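Enquirer: Below you'll find the structure I mean.
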Amino acid sequence: MYVCLCQGVTDNQIRDAIYEGCCSYREVREATGVGTQCGKCACLAKQVVRETLNDLQSAQPVPAFGTTAFVAA
């Protein structure tokens, strides 16, 4: 869906910017142009950023202790 009509930015483009390394709304704004014209989309854009970052964080695997084998040289 379109989040920013002024710049033609979709929620998928915002998510893609995060998947490509953006870690904040500010970085997404700089990468996509979302929220740089009238600003009415900023709240929704921030929500998409927040939800996507939370989804990524919860999807990160947590390493279990004792599962890594070290080989002595």
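Cβ atoms are placed via backbone N, Cα and C, with glycine included.
So Swiss-Prot lists the following for this protein:
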BINDING   Cys4, Cys6, Cys38, Cys41  [2Fe-2S] cluster binding site
BINDING   Arg26, Arg29, Lys46  phosphate binding site
Enquirer: List the other residues in this chain whose Cβ sits within 8 Å of the Cβ centroid of the [2Fe-2S] cluster site residues Cys4, Cys6, Cys38, Cys41, in sequence order.
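Expert: Output for this site, in sequence order: Val3, Leu5, Gln7, Val9, Val34, Gly35, Thr36, Gln37, Gly39, Lys40, Ala42.
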Enquirer: Check the binding-site residues Arg26, Arg29, Lys46 for other C-beta atoms within 10 angstroms of each C-beta and report the one with the most.
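Expert: In terms of Cβ crowding, the pick is Arg29.
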Enquirer: Could you say which of the binding-site residues Cys4, Cys6, Cys41 has its Cβ with the most other Cβ atoms inside 10 Å?
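Expert: The most densely surrounded of these binding-site residues is Cys4.
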Enquirer: Checking your reading of the structure: which of the binding-site residues Arg26, Arg29, Lys46 lie inside a 10 Å Cα sphere centred on Cys6 ([2Fe-2S] cluster binding site)?
Expert: none
Enquirer: For the recorded phosphate site formed by Arg26, Arg29, Lys46, name the remaining residues of the chain with Cβ within 8 Å of the site's Cβ center, in chain order.
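Expert: Residues close to the phosphate site, other than Arg26, Arg29, Lys46: Ser24, Tyr25, Glu27, Val28, Val34, Gly35, Ala42, Ala45, Val49.
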Enquirer: At the Cα level, what's the spacing in Å between Lys46 (phosphate binding site) and Cys38 ([2Fe-2S] cluster binding site), rounded?
Expert: 15
Enquirer: Neighbour count, 10 Å Cβ-Cβ cut-off, for Cys38 ([2Fe-2S] cluster binding site): what number do you get?
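Expert: For Cys38 ([2Fe-2S] cluster binding site), the 10 Å Cβ neighbour count is 11.
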